[in-house]
Amino acid sequence: MSQASQHGKWTLSSSDDDNDDPLPSASNNNNSPLLFGSPPPDQHTSSDSNHNPPKIASNFHQPKHDPDPPPSIEVKPEPKSDTVTAVPPLSIGSEARQASQASQLKPVKYESNQSRPFLAGKRKKDDDSISGWALSDSDDDDDDDKAKGQSSGQKDPPPKRSSPKLKKAKVEERPPSPHGRTYYIDEPDDFFETSVPPVNDTYRFYLNKVTGLEKRYNTGALHIKEILSPLFGTLKESVQFNYCFDIAWMLQQYPPEFRDKPVLIVHGDKREAKARLLQQAQPYSQVRFCQAKLDIAFGTHHTKMMLLWYEEGFRVVILTSNMIRADWYQKTQGLWMSPLYLRLPKGSPETAGESPTLFKRDLLEYLGAYRAPEITDWIQRIREHDLSETRVYLIGSTPGRYLGSDMERWGHLRLRKLLHDHTRPIPNEEKWPVIGQFSSIGSMGVDKTKWLAGEFQRTLTTLGKSSLRPDPPMHLIYPSVDDVRTSLEGYPAGGSLPYSIQTAQKQLWLHSYFHRWQAETTGRSHAMPHIKTYMRASPDFTQLAWFLVTSANLSKAAWGALEKNKTQVMVRSYELGVLYVPSAFSMSTFPVQMDVFPATTSSTSFPVPFDLPPKRYSSKDQPWMWNIPYTQAPDTHGNIWVPS
């Protein structure tokens with residue numbers, strides 16, 4: 001299969017076209033891009049997979065006029081297996097895990113006659129050796145061969161190994177980003193707030209600050225340093241739930257006076273990936289670990305949450321960013337920050353401090369699903385605090401197979417239940433489009449009936465107790481090649497958008513739903529999205545029936561899939577998000593805010609992070625796929641993208 005566009009011609013070999021085996025879901029998490037190696041864990045694929053992926057050669061170079069090109073990188077090819085990996089010059093903000101051992105990369109001197117890709121930005125060569133990028137299609141949780149034998153509830157069989165076996169690659173220290181250490185610049189002094197920033201007390205939904213934007217587009221946005229600062233409380237202890245960690249960088253985001261306070265890291269790494277993570281923390285005695293149980297193959301711990309215990313009380317932050325610098329630099333991210341929860345009087349009943357949305361109950365249930373003694377003290381602390389001011393609903397995913405009423409506890413069936421119970425039918429609702437926006441895409445099946453329309457769309461179109469199940473328009477927002485090429489990061493931004501050609505060519509029908517990433521309303525059209533949002537909009541896009549921000553991308557691994565004639569649901573991964581419904585705010589719908597920045601504390605309009613209505617792909621637009629070359633046009637840094 002071969003296709004051409006203004007971005008060049010790409011070809012699928014017959015072996016790819018004929019490959020019926022599903023790609024392993026290395027990161028149920030759907031954000032699985034290339035990883036830069038050990039320090040940020042976003043760089044390995046799910047440790048659940050035992051496949052030995054091939055390595056695809058890739059070299060980088062800089063233009064002749066650059067006096068100090070970054071190192072070339074070459075990966076030697078190895079035997080083909082079920083998982084597709086690549087090593088393009090991309091951003092570490094990706095969330096992939098390498099099921100097998102990481103490839104070893106060797107710096108290669110630039111040769112002027114080479115036609116190879118190069119890193120974005122003209123930066124000095126790092127002194128450190130650079131080790132391997134592992135590209136894994138983490139969301140390819142295909143429901144065919146992989147799922148066989150799992151719906152019955154028996155233990156997952158080990159994945160088949162390719163032959164011959166691959167030798168373990170040597171693990172080397174890696175820079176904190178595929179851009180290299182010198183890509184990042186320090187933010188100016190006025191970038192961070194010195195007093196409590198404008199806080200939207202109504203919705204408490206925020207975007208991250210983005211380096212390189214006009215100041216007004218960051219006024220009211222939050223950076224991790226601000227979230228952890230004394231502006232919001234005097235920190236005593238914290239927990240960081242996440243997929244990918246650069247521990248040294250993360251600890252530097254705490255202010256000096258809180259830097260030695262105890263931190264618990266909740267992660268899903270296993271085996272070599274876990275060893276690398278623990279090795280990162282060796283210099284820091286205040287860091288402890290809790291390993292999330294991942295009993296279903298190809299699942300990941302993709303939840304992103306902070307629990308912050310203060311002298312003054314307690315706070316929850318649910319977000320979309322990994323704990324690595326690239327995710328907080330030039331990407332669009334989102335978060336919900338709770339109010340400050342005060343301690344309940346001693347002797348309060350167990351039901352005290354509950355919110356109308358039952359947020360306290362649901363948070364305790366989610367934490368209890370970890371079955372981890374390391375979290376026990378935090379569960380007790382939450383019980384002792386007043387969460388009654390919370391106005392959002394918690395929507396989580398936890399790995400497992402669920403029957404009966406338990407099917408509605410997690411994933412998209414949990415969302416369906418909440419929309420059924422807490423929204424109301426709307427006149428002409430068949431004209432109210434559903435919008436999904438995400439940064440990674442899993443295997444949807446050979447046509448829309450397999451999961452997207454058969455399950456997921458039915459959930460997204462639920463409004464109240466109406467038996468009507470209309471088929472409204474569905475707009476899926478995912479960056480095009482040009483969106484990535486013209487972004488602040490350039491092509492390396494595509495490292496956090498892990499949609500593979502192998503998955504895409506099996507579901508070309510899906511691309512008719514695609515819309516561009518455009519965010520002029522927030523100044524973030526060129527800050528590629530790592531945020532994930534879902535919503536139901538009015539036909540004129542001025543009202544919302546509900547809004548969800550979550551870690552969950554468009555994949556069955558994240559949201560769950562029905563099995564055994566729809567009598568059970570199987571969820572592979574941990575995910576977490578919050579749902580806004582108008583009834584919790586004494587409203588019938590949410591007005592869409594037209595001018596999000598600079599943010600104010602008084603607006604009752606909802607700050608949708610991108611432009612409405614979405615702009616449909618033109619006939620020339622292609623969805624970004626991270627493991628094919630783009631050589632016909634340079635990116636914003638004058639570079640091209642060639643995973644060879």
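Indices start at 1 and increase along the chain as displayed.
Keep in mind that glycine also has a Cβ here, set from the backbone N, Cα and C atoms.
Marked as region 'Disordered' by TrEMBL: 1-186.
What TrEMBL records for 22-35 is compositional bias 'Low complexity'.
Among the features that TrEMBL reports, compositional bias 'Polar residues' is placed at 43-52.
According to TrEMBL, the feature active site, nucleophile maps to HIS302.
Under the heading substrate binding site, TrEMBL lists LYS304, LYS532.
Under the heading active site, proton donor/acceptor, TrEMBL lists HIS530. The Cβ of HIS530 (active site, proton donor/acceptor) has 30 other Cβ atoms within 10 Å, all protein chains considered.
Per TrEMBL, site 'Interaction with DNA' is recorded for SER555.
Every protein chain considered, the tally of other Cβ atoms within 10 Å of the Cβ of SER555 (site 'Interaction with DNA') stands at 30.
Of the binding-site residues LYS304, LYS532, LYS304 has the largest number of other Cβ atoms within 10 Å of its own Cβ. The shortest Cα-Cα distance between SER555 (site 'Interaction with DNA') and any of the recorded positions LYS304, HIS530, LYS532 is the one to LYS532. HIS530 (active site, proton donor/acceptor) and LYS304 (substrate binding site) are 12 Å apart (CA-CA, integer value).
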